[in-house]
Amino acid sequence: MSIRSNFVRLLKKQVSIIKLQKKCSHSVAVIGAPFSKGQKRRGVEHGPAAIRSAGLIERLSNLGCNVCDFGDLHFSQVPNDELYNSIVKHPRTVGLACKVLAEEVSKAVGAGHTCVTLGGDHSLAFGSITGHAQQCPDLCVIWVDAHADINTPLTTPSGNLHGQPVSFLLRELQDKVPPIPGFSWAKPCLSKSDIVYIGLRDLDPAEQFILKNYDISYYSMRHIDCMGIKKVMEKTFDQLLGRRDRPIHLSFDIDAFDPALAPATGTPVIGGLTYREGVYITEEIHNTGMLSAVDLVEVNPVLAATSEEVKATANLAVDVIASCFGQTREGAHTRADTIIDVLPTPSTSYESDNEEQVRI
């Protein structure tokens, strides 16, 4: 092989390594948020531990990410946390938890990390998105969920704050959201054009009214059936990134998946995303290069019927997060020493030895 061809081969190898390092050099902060007071079912506070036990940190490290594990946050129960309006449960406790999480997410994003928040229930998204917006005020949100979580404290049929975080986030709804205890620190940080829903299939009447009358973009499971997930993602990016690149916050509720895939969750709804659809969403978000923060919420190990259901749900959560950071279904070969830019050929001596053995 000539000196020139050796040089070209070495140069190609170096270019491949540089491209790979650029692609896989995510600095990822993982924040555990073991919180359950945004809803009534016990066990979702064990979600972070279940996802960690399924190998999240190792998976991200193997993808070439520099992982900074911030551990689990501590959330205090506010004493005498009375109902608001005779229905909204634990407002002070939820408000305080979201404030604590917002501060931690802001710190992580401000330090240059892509932030992964492990829930916990989905009320936490108010905190994670608020904290993210403190560092990236032009962010946009992709909300993957069976539910819209956009009730207000005055429309909620359950009183559970995990069904209300988006109403607190949107500027257009602030004249409909009363100043409830625990949220005096909070300010809306999104406009209606900054969010797109994917996977909806269980809406309350007030939520249907809000989505329609405030012209908020969403793609229900029917839309996905009719259009296909590829078209849904194209339209999502057209809206959120069509005019400019900006940071993406992905808030992913595990109940977006069909319960056959993710049984260990508190509000399962039949007819959800397939594995392929869910992972396609996160693969495409990764491919934009604009992902800045991820929530993975509502994994509840206590509600699983068997240990296998816990494992299946937690493993699915890990796959969702890993595909946000470059895991592909073709296989993720991320280490520089595994790059192959040319296939090996047999040496002359090897061929001669084989010929000699045949003659013998």
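Using the three backbone atoms N, Cα and C, a Cβ is placed for every residue, glycine included.
Annotation source Swiss-Prot lists Mn(2+) 1 binding site at HIS122, ASP145, ASP149, ASP253. Marked as Mn(2+) 2 binding site by Swiss-Prot: ASP145, HIS147, ASP253, ASP255. The feature substrate binding site is assigned by Swiss-Prot to HIS147, ALA148, ASP149, ILE150, ASN151, SER158, GLY159, ASN160, ASP204, THR267, GLU298, with similarity to another entry given as support.
In sequence order, LEU83, ILE87, VAL88, LYS89 make up the list of same-chain residues 6 or more apart from GLY159 (substrate binding site) whose Cβ falls under 8 Å from its Cβ. The binding-site residues examined here are ASP145, ASP149, ASP204, ASP253, ASP255; by Cβ neighbour count within 10 Å, the least packed of them is ASP204.
Working note on the binding-site residues HIS122, HIS147: by count of other C-beta atoms within 10 Å of each C-beta, HIS122 ranks first. The binding-site residues under consideration are ASN151, GLU298. Their Cβ neighbour counts within 10 Å are lowest for ASN151. ASP255 (Mn(2+) 2 binding site) and ASP204 (substrate binding site) have their C-alpha atoms 16 Å apart, to the nearest angstrom. Here the CA atom of ASP149 (Mn(2+) 1 binding site) lies 13 Å from the CA atom of GLU298 (substrate binding site). When the binding-site residues HIS122, ASP145, HIS147, ASP253 are compared by Cα distance to ASP204 (substrate binding site), the shortest distance belongs to HIS147.
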